[in-house]
Amino acid sequence: MGRSILTSGVVLALAAQFASAVLPRGVHKARVLKEPADLADSYDYVIVGGGTAGLTIADRLTEDEDTTVLVIEYGLLSDSESIKTVRGGFGGFGAPGALFPTRSVPQVNLGNRVIDVLAGKVVGGSSAVNAMMTIRGAKGDYDRWGQFFREDSEWSWEGILPYFKKALTFVPPNEDVAESSGIVYDTSFWGEGESGVYTSWPSFQYPGTSAQLEAWKEVPGVTFPPDSGSGETGVYWYPQFMDPKLVERSYARTGHYSNSDRENYHLVTNSKVIKIVVEDGTATGVSFRPADDPAGEVSTIKASKEVIVSAGAVHTPQVLQLSGIGPSALLEAAGIETIVDLPGVGQNFQDHPMLTARFTLRSLDVSPKESDLSRGGEFRTWADEVWAANRTGPYSIATGNLAAWLSYPVISARYDEIATRLEEQDHAAYLPEGTDSTVAAGYKAQMLSYAEALRANHTGFYNHAITASPSNGIIVDLHPLSRGTININPENPDAEPLVDYRALSNPLDAAIMADIIRFARSFYMDNAFNAQYDPVESQPGASVQTDEEMATYLARTLSPTEYHPAGTAAMLPKELGGVVDEDLRVYGVAGLRVADASIMPTLVGANTCQTVYAIAEKAADLIKGSVTTTNTNR
Ligand SMILES: Cc1cc2nc3c(=O)[nH]c(=O)nc-3n(C[C@H](O)[C@H](O)[C@H](O)COP(=O)(O)OP(=O)(O)OC[C@H]3O[C@@H](n4cnc5c(N)ncnc54)[C@H](O)[C@@H]3O)c2cc1C
Ligand SMILES: *[C@@H]1O[C@H](CO)[C@@H](O)[C@H](O)[C@H]1NC(C)=O
Ligand SMILES: *[C@@H]1O[C@H](CO)[C@@H](O)[C@H](O)[C@H]1NC(C)=O
């Protein structure tokens, strides 16, 4: 039996090789991929950015063969093995030219450190370079979005759940691995396989991962939801963006582009959109130039129905601002004529801060360990063998599959005090000087919503990825209070934008992060299960205790990014500094929508990719007009 499977696999592989030998290279993709000279003059829809959201929307819109779509992408198609490999999760970094070269402005509260701003510049966007963690976050994150508009908005947990189900095809784990490592999942939170983007499981788990699960059972208040998609906070197992058959990255390109040979779906690469053409208040087209040649020829393509901006949270505000849509003072300084004075464009920037902390359970024997792979020996030999033979074993693990996502009352006894301090702040004082009053009003609304969330269990604040080794993995603050900006550089608007995280600009962030570190400390150092393994703290270390000491430590060690930029074209009422309404339409311009991570008014308490896919699926339905909101805010 095993043999015949293997034989047919070999036959298939040979057939595939033969096919690629006889067909001219790339013929399958040629219908979709175009040179600028081969484009039509006009399409129904022009999409700016062939990333996570852009390709998802293009795929869904072209399901109707009478609808024509052009996607304009800055980067190239990359067949780099670094993108395909799941091993270790961060392979995409190694793909040549697949990331923008953007760096932040010096962070004044972080000792003027300059931070690398990572964002995908390749067909597939950031889904091509991300760490493949498939996370959905908690109900409160999605209910909050709609509540900025009205009580019964469709932007809610219940409203987005069908799109989560549509966005990914979930394939359950191997039963033996699930049983031996204690993986739980519940397919009722997933859909019927309507998507070419897969989320699935590695065929191996390190014993050290499950060992840590026991320690979490000791922590009062910690719950264990039945599935990563349940919308509950707690400690749970999660899958990874992986094609389970190929054991390769599954992403927007493989799921929403590669299998398409539709005549009505065009993609042009190496093309930087420099302007949305707006005529009499309506977006009518898009201008772009060769991405690698600032002096190259500018082409303009008409959009007869709509322009959709999906350039990601770092570049969507730049595209809007270059088009005269943004804060008028900034546009004026850059010498750009204001088409719509929209103060929120490029404001409200959020990302997940990563904290530095190191705790080790010195005598926990969890062999084999992750580190054994680099050491060689028997385990490494076995890993190499099973991977080469069947693509199974440790090399099928992306970044790990177990993590804690905890609400504030579970991690800190002073949750009510912190919430009260947040309510009583002069919120606007923590925004950049000259911030528009509507943007400040939106910020205040967000902080009041967070104050409520700090006292409840429907929103995660603490995130801790659990590794296979005896030391902790990444520890993250899921809801930073500080807000940054991403604006064009007035001196050189066409250059990479000025990214300012404004990390720690709201001083309560440091207090919350101090609680997060203290909770991690108590998890390792005071936990009855962990106590038997001789725990030690090497960072921040015993000398860092008070809020003040913690704040100093954070300024020195904090990363303001987990590569989850969001919020820079926020879906909020206009009087709250919003850029798009509940239908994702840009205020003040007809025929123009934004659909990508930039529309999140508040960052979700989760890695952002799954949410972006769901936003894009919902956007496609909104654009098709198959659903509408009862939005009166236009
Ligand atoms: C290193 C890294 C690790 C991550 N890890 C995870 C993870 O493990 N799990 C998770 O859930 N999330 C993760 N994320 C976040 C997640 O991948 C992103 O939130 C999501 O992919 C963003 O989708 P998007 O559609 O908003 O933007 P993108 O997917 O980035 O797409 C934007 C596209 O627009 C193009 N573009 C930009 N400007 C222009 C222009 N002027 N003209 C034409 N095209 C343009 C870009 O080249 C890009 O292809 C990670 C991100 C990074 C960078
Ligand atoms: C939140 O969870 C904690 C721990 O389980 C519990 O003590 C508390 O009552 C919960 N709070 C609310 C508002 O449900
Ligand atoms: C690969 O899979 C086949 C079929 O399940 C199995 O018989 C074989 O032992 C596997 N090879 C290795 C090296 O694990």
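From the backbone N, Cα and C atoms, a Cβ is placed for every residue, glycine too.
Taken verbatim from TrEMBL:
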SIGNAL    1-21  signal peptide
BINDING   Val122, Val273  FAD binding site
DOMAIN    312-326  domain 'Glucose-methanol-choline oxidoreductase N-terminal'
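By a simple count of nearby Cβ atoms, those within 10 Å, the most crowded of the binding-site residues Val122, Val273 is Val122.
Looking only at the domain 'Glucose-methanol-choline oxidoreductase N-terminal' (312-326), the predicted model's pLDDT averages out at 98.
Mapped onto three states, the DSSP output places Val273 (FAD binding site) in strand.
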